[in-house]
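Participant: Annotations per TrEMBL:
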type: REGION; residues: 73-123; note: region 'Disordered'
type: COMPBIAS; residues: 88-109; note: compositional bias 'Polar residues'
type: COMPBIAS; residues: 110-122; note: compositional bias 'Low complexity'
type: REPEAT; residues: 160-194; note: repeat 'PPR'
type: REPEAT; residues: 195-225; note: repeat 'PPR'
type: REPEAT; residues: 227-261; note: repeat 'PPR'
type: REPEAT; residues: 262-296; note: repeat 'PPR'
type: REPEAT; residues: 297-331; note: repeat 'PPR'
type: REPEAT; residues: 332-366; note: repeat 'PPR'
type: REPEAT; residues: 367-401; note: repeat 'PPR'
type: REPEAT; residues: 402-436; note: repeat 'PPR'
type: REPEAT; residues: 437-471; note: repeat 'PPR'
type: REPEAT; residues: 472-506; note: repeat 'PPR'
type: REPEAT; residues: 507-541; note: repeat 'PPR'
type: REPEAT; residues: 542-576; note: repeat 'PPR'
Amino acid sequence: MDLVVPAKHTHGGFSSFNCVHRDIVTNNSNFGARVRAYADFTLSSRTNSSMKVFLGFNSCCCVLSSDCDVRKPDKAPKKKRNFYPVSSMDTSGSNGRLPTLTKSSNRHLSNGFSSSNSVNSRSYEDFESNNHLRRLVRNGELEEGLTFLENMVSHGDIPDIIPCTSLIRGFCRVCKTKKATRILEILENSGAVPDVITYNVLISGYCKLGEIDNALNVLDRMSVPPDVVTYNTILRSLCDSGKLKQAMEVLDRQLQKECYPDVITYTILIEATCRESGVGQAMKLVDEMRSKGCNPDVVTYNVLINGICKEGRLDEAIKFLNSMPSYGCQPNVITHNIILRSMCSTGRWMDAEKLLADMLRKGCSPSVVTFNILINFLCRKGLLGRAIDILERMPKHGCTPNSLSYNPLLHGFCKEKKMDRAIEYLGIMVSRGCYPDIVTYNTLLTALCKDGKVEVAVELLNQLGSKGCSPVLITYNTVIDGLSKMGNTERAVELLGEMMTKGLQPDIITYSSLVAGLSREGKVDEAIKFFQELEGLGIRPNAITYNSVILGLCKARQTDRAIDFLAYMVSKGCKPTEATYTILVEGVAYEGLAKVALELLSELCKRGVVKRSSAQNVAVKM
């Protein structure tokens, strides 16, 4: 959106807002005209057309244009794929390491045997160098390892692929894939022969970082045949990124190389097909999989059951669960958990209890996740007594409750404003050796602040470090908001400084809480200072933040500055809300111009920027 505003309103940021002087407003009767102009903007901005909004004061104008071309993506026709049968060839050793004999100019072999003393000496040096390289890698000295490897190769030593592969893995773990690729290049140029595991480690590193194009480049340059693990790694990354079509193209390459898909390959593709095209299309893949001699396993069936549940066909999922033994596959605890979660999300508590009983009868032991699903559901429904019963039953089935078991209970007690019970169960939790996590504390802090017990919340926040739990942004935001609402913005500002010293960057929520609190306390200039700080950090204020400042200005009987602030809001592309206008109308009335305010309110109501019900509420206040 292009926006042209007069020089008087173009401040190069809001840092010079206070310089917007009273000479703009010489007659309070112009309040209405100026607010109406912005109402035209709000109303007109709902349309697609280009428009002009005249502010109607001092020949100020805003020119807005919106050019937007929205095109629907063309859907490519889906191509049916025929899979070849899984090879009967034994590939169990495809990832093993066979002894590699590397030739040199004087015929020395990498196993250290030679017919000449000079070759024997060279082999000993290789052995010592590789031993040192192993030690560096084992100690996690990656940079030193890379430097030593480069030095080794420059002296003609042949590096061992095993420590080099570990070095590649180490760099991939710390997201330094360029250095990992450099190691592969050194290996390839040194005369050593990287094996399929070496390439797979680098490909996996790229895939985990979402650098799929680089992974495909490594696949293209492989000096040894890729195995099914290579392709599965790439296929999973593509499917997780929603690139099923490209995954199918990679599968074609796999088949051309006579590397046949296994059950993992099919499961990856079936899961992606469920997400993109639905379970019906995925079932065709299952049928084809069976016809090619590759039997689905429990993971494959779990993917299908999960897809059926997500499509809202719970009864079909239950039938599928019961029919799994006829396919030669027993459902596991994960299968039951998928169904159980779907039952709880649809409110079928009786069926969930029956499923739990069936699990126990069939000898399928429930996991901590099973019980946590039930506890979470019961707490959301407010059935805290039943949730406690489930919690107490867990140890009888060999499951120890964790923080995810207690947190829903604590949240439930806090929601019902039973803080004593929440604190009681926090004590029970700790006495049983289950230590609260940051979610536990955030739940309690939120409840304390809502209950007006902000000082207790501050005390708890100060104790988190000693409890081995580091506060996160939401922790500070909760307490800062609580302090701001209770009129203690001075302490809230101190907390802002504290969180920044700990490396936590404040966000729009942090600043909105402070700006609102300061405005409510009548410290409007300080609120504007924090507003400027917010913009200085590159965070775009939202309508709530603008409205807080406008409210503060109106309460301070500075409605002219509030309207200037509205101008700034529009110039920054933030559309005024209904609340923006009702605050300004009340501000005009507060200036002693009740008649002007009522006329303005009526006109805003006619233009549709203020609802009739809201207008009536404002009128009653005046």
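Using N, Cα and C of the backbone, Cβ positions are placed for all residues, glycine too.
In TrEMBL, annotation is done automatically, which means it is predicted and not curated.
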Participant: Looking only at the repeat 'PPR' (297-331), what is the model's average confidence as pLDDT?
Facilitator: 95
Participant: Using a Cβ cut-off under 8 Å, which residues of the same chain at least 6 positions beyond either end of the repeat 'PPR' (402-436) come close to it?
Facilitator: 368, 371-372, 375-376, 379-380, 382, 384, 387-388, 391, 394, 443-444, 446-448, 451, 453, 467-469
Participant: What are the DSSP helix, strand and coil residue counts for the repeat 'PPR' (402-436)?
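Facilitator: Residue counts in helix, strand and coil order: 26 helix, 0 strand, 9 coil.
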Participant: Are there residues at least six beyond either end of the repeat 'PPR' (195-225) with Cβ under 8 Å to its Cβ atoms? List them, or say none.
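Facilitator: Sequence-distant neighbours of the repeat 'PPR' (195-225): 94-95, 97, 100, 161, 164-165, 168-169, 171-173, 175, 177, 180-181, 184, 187-188, 233-234, 236-238, 241, 243, 250, 257, 259.
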